[in-house]
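Trainee: Annotations for this protein, taken from TrEMBL, read as follows:
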type: BINDING; residues: B:51, B:238, B:239; note: Fe cation binding site
């Protein structure tokens, strides 16, 4: 049931894409725009993927294997950029690096050159988009790679060392291949998020499929054409999942020694140590400090004329709150049935993770089509419900995860004890598993709320009239060239996003197998 | 719609708070679609696609003079349109206020406006600035003009829209996205005057002249010219005028550029309007007409344009500060504005095929 609730928007969209003709707009989109959209999404994914790997993997390797100045701090600082959604970073960077941004103005003032006389990196193109998304999403790979390096058998590395392998060779030929499945999993997650991005691509003017879906619905008023584009996007996402599975499958037997030994971090010589600090510092500076301080500066500069956002804040709390509440109930159901290996429970879990992989724009489209079929209109309660449904569909998995983890930590004997005392499965679920699962509930609810609050495309498409959320306001102000006004809601979103990230890093620092500091 | 669970009931309760913002009176929650309307006589619901602070002053002034309470919703065009379609017969909207004739047409085309017969409006507003059947009335003018770098470009090089396609401007043209309504409406006129083939060729040549991919809004184009990235662009006149009245940085920027009013020797510069119409199911039709007539009066014209720097449309109205920077006399295109809306999809298709993002 929970799985069905989650899955309906996806399948409705897919079926609509396959069955409906697509309308007049479709032939135009197919002939003139489809190649550009698809190329934009694929190019963005490829470039973002490469940039994430060369940022996140070395950073994870450094903080796990070596001791250098500031290592302990960087270990968790490097997770923080996860707090800011891609579109917020896009606003900040487009302004920072733009023609009227501080760097270019300084160049022109100092040299007296005009803009055509020098080259400066442009954010408003595909590489710019990939850069911004890398900043926002590299922590996924950093986290999984770090976890893989930490839990890797040290013996294999020491064997390599004793055979005379250089530290680079140990990384490249021993640690990296063993960590590959984890890195691939992190990368798949990051790229699913990248494929779902609407705000950054729209603002930086890069046509992607997600952008095309929203536009087909908004400008052409053609849900059918949008559903066709959604088919292509979903195919790409499925490709990502299959690629990840393939990597995992082949890497099955690589961890031959499972003996546990504490990681002893090699202390880097001073020069190399400072270089490592500088690299980690640079990543954190570029991905977080620089854009966020630009937003703070914009807010401070225009604090007298800042647009009021009290109502947007209220709307956000209600909408994200409704979404989180619905998703929470579904997540709880999934968590409590996770021990059951039956077909139904497995189906629910599969559906929930499918929802996570599907971009919000696609789910919103499905909800729109369902509402249309039922003759419901996008006003008032109906719209709020539709949006909560889409939030739940997309984020339930991430909310269920902490609860499943909490259940996993509880000893199985608790359940056996309940059974041997004659408790029915229902009674067991309610009086044994539920209290345990709820210990992960805080984290789950927080994640659900913040993910809903950051969501842009589905919120844009489904929110009830006059119900602008922080993300919608930020997007509207930014596209309206009122960046100073966009800065405040953007900062609030980032601030809210910091909460689960800090919680996450706290949990990480507590649960580190084999790590003796 | 029936709701059974407590959660849904809570959601429904909250949704009832989603009515129009009530300003400048107390911003209390009003829900015309959820509660039975027990409204006092003298209420007006405005759906506006504009968002200027001076509009709030405008509503307040109208309230003060007429005793009619104004409640307004401001939102993007697409959202307003979608919302009104969804609300159907129950829509509380009385007046639709929008800043583009192409947009007004979309409301009319969707059957969301009703024809109005007003002697005041027919007398004050020139015929080509209103719908022949009275679905909507233009209230302020906005001109799509060429902005250029006087150090690199001579005025006579930019006296026609066609000049932007000239090979002389290779790598010199900055533009905003073609999905923007101003560009769509301009193409709506060009395709009618030049024919589809010539208009499409124009778009292709302009794209070939791009200094950079389309980005930002009109202000961004002015900044790009001031910074020297390109030397010609299209903007609406009021963005330029607002910068002349803005911060020091903005003034320094805008003074490096100049405006040219194209087509002076032919059909005249492309004009669009901010306009208003009475909603098809307006619960307060009389008040709605009164409001639009008031907007065409002395005070309404002033408040409508003083911050936006649009050009008052009614003869003899006071000019906003800053407009003295524009030429005092220029030729405007006389063109049936509904055509801009009719041609919108065609215009987008032409731009898309030309590769104008």
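Cβ atoms here come from the backbone N, Cα and C positions, even for glycine.
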Trainee: Under a criterion of Cβ-Cβ distance under 8 Å and sequence separation of at least 6, what residues of the same chain contact residue B:238 (Fe cation binding site)?
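Mentor: In sequence order, B:142, B:308, B:309, B:310 meet the Cβ cut-off.
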Trainee: Identify, in sequence order, the residues in the chain of residue B:239 (Fe cation binding site) that are 6 or more apart from it along the sequence and have a CB within less than 8 Å of its CB; answer 'none' if there are none.
Mentor: B:217, B:218, B:219, B:222
Trainee: Ten-angstrom check, please: count other Cβ atoms within 10 Å of the Cβ of residue B:51 (Fe cation binding site), all chains counted.
Mentor: 16
Trainee: Any idea what DSSP makes of residue B:238 (Fe cation binding site), helix, strand or coil?
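Mentor: The three-state answer is helix.
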Trainee: For the recorded Fe cation site, enumerate neighbouring residues of the same chain (Cβ within 8 Å of the Cβ centroid of B:51, B:238, B:239, site residues themselves excluded), in sequence order.
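Mentor: These residues sit around the Fe cation site: B:52, B:218, B:236, B:242, B:308, B:309.
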Trainee: Does DSSP put residue B:51 (Fe cation binding site) in a helix, in a strand, or in coil?
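Mentor: In three-state terms, residue B:51 (Fe cation binding site) counts as coil.
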